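The structure appears below as C-alpha cells.
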Amino acid sequence: MQSLLLLATLLGSALGGAIPSQSANYNGYKVMRVSGDDTSKISHIVSKLGLETWKFPKAANANVDIVVPPKKVAEFEKMSHAAGLKKQVMHENLGDSIKSEMSFRPYSCELLTLDGGANDTWFQSYHKYEDHLKFMQDFQSAHSQNSEIVTSGKSHEGRDITGVHVWGSGEKGSKPAVVFHGTVHAREWITTMTVEYILAQLFDDKEAGAALLEKFDFYIFPIANPDGFVFTTESDRMWRKNREQNEGGCYGTDLNRNWPYKWEGDGSTTDPCSETYRGPSPGFAPETKASTSFIKGLADGAGVKMFVDWHSYSQLFMTPYGYSCSARAPNDDVLQEMASSFADAVKAVHGTSFTTGPICNTIYQANGNSVDWIVDEIKGETAFAAELRDTGMYGFVLPPEQIIPSGEETWAGVKAMFSKLK
C-alpha cells in the first residue's frame, strides 16, 4: 500500500510546475505502460530517474503510464528489465504524436449547418482557444431564442470562463440546472470537444434534446481552465493545472483539488510543484472562486439537478466521494444506477467499456474536488466525475479521429443517464 501512495505522490511531480514560459519539447520522449506484481519496484524507478507518470495503479499488476525523456530511456530499460516489469510502448516519440494531434483545422462559421447545428467538420480536429470562443458565439447566435453566452468569472490571467446556457420553453433559468465542466485539467483536450458535442446534440438530436431542454436548463463550460488550455496549445501540451505562480518558482494549482470542501487530506499535496497541488487555501484559485460562485447562484435559484466534471483518460464514470473511500452519498443507489446506465449505453455504440463506482475506490483519493462539493455543500441532487477515452495506447494525446466516436458514445450515455433521473 505504501508503494501505491508513493506513486500517487510522484504523479507528475517531475514536470508538474517548473516550466514558466518556454515551450516544452517532447521530441524523443517515450511513453511506456508498465505493470508488475510489486509496485514498489515501479515507484523506485520513477523516483530514482525523476520520471513523470500519467497514471498510477489502484492495485498490483495494474498499469502505470510513464513518460521517459530520451536521455533516460537506456537506464529505464535497464532498470525495468532487472525488475521484471511488463512493458508496452504507448508513444514511441511523444513529440511526433503531439505534432499530429496539433493539426488544427481553421475555424469558419461554415462549420455550422444551415439550421445552426454543428457540422461534423468541427469535430474532426482539435482547435485553438480563440476558435472555441468563436464556435460558442456562433452556435449561440444560431439559437438566440433559447441560449446565451455566460461567464462564471475570470481566470488568473484575466480570460473569461465562457460557457453556453441553453433552455427550452419558458423563461431562462426557470428549470433545475445541469452543469457540465470540461478541460478543468488543461491537457485533457478530448473533454473540450466532447462537451461541445453534447452542446450541439441538445439541438441536433431533435427529439431527445428537446425533451431534456423542456425539463432542465443546461450550463455548458467546455473550457473551465482557459489559461491552462491556452498554455497547452502554445507552450506545453502536457500541462495540467492553472497558471498561477507559486512560491519557489513553480506554477499552477490543480483546480480539482482546490474546491472548498474536504480540502486537506491524502488525495492532494502541499507541494507547489506537484500536479496535484491543492493551492495555499480552499477555494483560493480565481477559477475555483468563479465556479463556486456561479454554481451557488444556480443552487439558490431553481437548484442544481446534475453536475458532471468531464476528464480523461481511463474510461470511468464515477460517483461521490473522492475524499473518502468509505463514505457514500445519501442517494448512492440512484447514482450507481445512473452511472451503470451511462456505461451500458456507451458500450452499445462503439463497444467502449466504462468502469463505474465511487471516485476514491475507482481511480484514487481526491480531496477538494468539485463533485464532493456539489453534493455536500450546495446539495446538488446528482454529481459525477467522468474519465473519457481511452484505455488503449494514446492516453492524453488522443488522435482527433476519436473525437466523433467519443462524442457519439458519450451523448448516448448522457441520454441513458437522464432516463434514470427521477
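Including glycine, each Cβ sits where the backbone N, Cα and C put it.
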Return the residue out of His44, His81, His311 that Swiss-Prot annotates for the same Zn(2+) site as His185, Glu188.
His311
Which one, Cys250, Cys325, is listed by Swiss-Prot as the other cysteine in the disulfide with Cys273?
Cys250
Excluding His185, Glu188, His311, please set out which residues of the same chain place their CB within 8 Å of the center of the CB atoms of the Zn(2+) site, keeping sequence order.
Thr183, Val184, Ala186, Arg187, Thr191, Arg240, Asn256, Trp310, Ser312, Glu387
Starting from Arg240 (substrate binding site), work out which of the recorded positions listed here (His185, Glu188, His311, Glu387) have their Cα within 10 Å, and give them in sequence order.
His185, Glu188
Measuring C-alpha to C-alpha, could you say which of the recorded positions Cys250, Arg257, Cys273, Glu387 are within 10 Å of His311 (Zn(2+) binding site)?
Glu387
Are there residues of the same chain, six or more positions away from Arg257 (substrate binding site), whose CB falls under 8 angstroms from its CB, and which are they?
Trp263, Gly267, Ser268, Thr276, Tyr277, Arg278, Gly279, Ala366, Asn367, Gly368, Asn369
How big is the gap, in Å, between the Cα of Arg187 (substrate binding site) and that of Cys273 (disulfide bond), rounded to a whole number?
17
For the C-alpha pair, I'd like the distance in angstrom between Cys250 (disulfide bond) and Glu188 (Zn(2+) binding site), rounded off.
21
Candidates His185, Glu188, Tyr313, Glu387 (recorded positions) - the one closest to Cys273 (disulfide bond) by CA:
His185
